[in-house]
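Participant: These came from Swiss-Prot, pasted as-is:
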MOD_RES   GLN1  pyrrolidone carboxylic acid
DOMAIN    1-42  domain 'Chitin-binding type-1 1'
BINDING   10-12, 62-73, 114-115  substrate binding site
DISULFID  CYS12-CYS24  disulfide bond
DISULFID  CYS17-CYS31  disulfide bond
DISULFID  CYS35-CYS40  disulfide bond
DOMAIN    43-85  domain 'Chitin-binding type-1 2'
DISULFID  CYS55-CYS67  disulfide bond
DISULFID  CYS60-CYS74  disulfide bond
DISULFID  CYS78-CYS83  disulfide bond
DOMAIN    86-128  domain 'Chitin-binding type-1 3'
DISULFID  CYS89-CYS104  disulfide bond
DISULFID  CYS98-CYS110  disulfide bond
DISULFID  CYS121-CYS126  disulfide bond
DOMAIN    129-171  domain 'Chitin-binding type-1 4'
DISULFID  CYS141-CYS153  disulfide bond
DISULFID  CYS146-CYS160  disulfide bond
DISULFID  CYS164-CYS169  disulfide bond
CARBOHYD  ASN180  N-linked glycosylation site
Amino acid sequence: QRCGEQGSGMECPNNLCCSQYGYCGMGGDYCGKGCQNGACWTSKRCGSQAGGKTCPNNHCCSQYGHCGFGAEYCGAGCQGGPCRADIKCGSQAGGKLCPNNLCCSQWGYCGLGSEFCGEGCQNGACSTDKPCGKDAGGRVCTNNYCCSKWGSCGIGPGYCGAGCQSGGCDGVFAEAIATNSTLLAE
């Protein structure tokens, strides 16, 4: 199931952002330019740039006044939320898992997108970057991950959008995450 304009106006669960392409997640690909609903940066300004407003859902307020997770929000210059000292997952939090099968970044924050699910991802729906698809003998990805048009496994628009070869293409994986959220919640 898609979100936003592509999903008949549907909103993402847990205040995740709906990207310009109609997929749910967190990070720049989802909450930045073109974000349709959820914790969009354009609509969720914070800190000194927004009269001291705080971010919803315990997100960090970056030095530039945008809400989100990861080093660019919770690191140097962070104005509010779980700034560096309040780690949420992974080895920085005693092996704690993220809710809803979100990825735990190398910095110990929960979210979706390459900054969370890519290199250094500790747990959750991490991108495996294993070869798949027609150039890998028809290999499919595990855990219903999407096989991108370039032949790598992962989730998000870059994997499950246009050209997706197999797995949870067109946002089916995001729907599965939302469906299983009660099983994975803290």
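From the backbone N, Cα and C atoms, a Cβ is placed for every residue, glycine too.
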Participant: Given a 10 Å Cβ-Cβ cut-off, pick out the one of the disulfide-bonded residues CYS83, CYS126 that has the most other Cβ atoms nearby.
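Facilitator: Of CYS83, CYS126, the one with the most crowded Cβ is CYS126.
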Participant: Determine the most Cβ-crowded residue among the binding-site residues GLY65, GLY68, using a 10 Å radius around each Cβ and all protein chains in the structure.
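Facilitator: Ranked by Cβ atoms within 10 Å, first place goes to GLY68.
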Participant: Which three-state DSSP class does CYS40 (disulfide bond) fall into?
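Facilitator: Going by the DSSP assignment, CYS40 (disulfide bond) belongs to neither helix nor strand, so it counts as coil.
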Participant: Write down the Cα-Cα distance for GLY68 (substrate binding site) and CYS98 (disulfide bond), rounded and given in Å.
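Facilitator: CYS98 (disulfide bond) to GLY68 (substrate binding site), Cα-Cα distance: 15 Å.
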Participant: Need the DSSP three-state call for CYS17 (disulfide bond) to compare against my parser.
Facilitator: strand
Participant: Do you know the DSSP helix, strand and coil residue counts for the domain 'Chitin-binding type-1 4' (129-171)?
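Facilitator: The breakdown for the domain 'Chitin-binding type-1 4' (129-171) reads 13 helix, 9 strand, 21 coil.
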Participant: Inside 10 Å of the Cβ of CYS55 (disulfide bond), count up the other Cβ atoms and send me the figure.
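Facilitator: Around CYS55 (disulfide bond), other Cβ atoms within 10 Å: 26.
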Participant: Using all protein chains shown, find which of the recorded positions MET10, CYS24, CYS78 scores highest when you count other CB atoms within 10 A of its CB.
Facilitator: CYS24
Participant: State the mean pLDDT for the domain 'Chitin-binding type-1 3' (86-128).
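Facilitator: Averaged over the domain 'Chitin-binding type-1 3' (86-128), per-residue pLDDT gives 75.
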Participant: Using C-alpha positions only, work out which of the disulfide-bonded residues CYS104, CYS110, CYS121, CYS141 is nearest to CYS67 (disulfide bond).
Facilitator: CYS110
Participant: Over all shown protein chains, what is the count of other CB atoms within 10 A of the CB belonging to CYS146 (disulfide bond)?
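Facilitator: CYS146 (disulfide bond): 30 neighbouring Cβ atoms within 10 Å.
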Participant: Going by Cα-Cα distance, pick out whichever of the disulfide-bonded residues CYS104, CYS110, CYS126 is nearest to CYS60 (disulfide bond).
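Facilitator: Of the disulfide-bonded residues CYS104, CYS110, CYS126, CYS110 has its Cα closest to that of CYS60 (disulfide bond).
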Participant: Where does CYS55 (disulfide bond) sit by DSSP, helix, strand or coil?
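Facilitator: Looking at the DSSP assignment, CYS55 (disulfide bond) belongs to neither helix nor strand, so coil.
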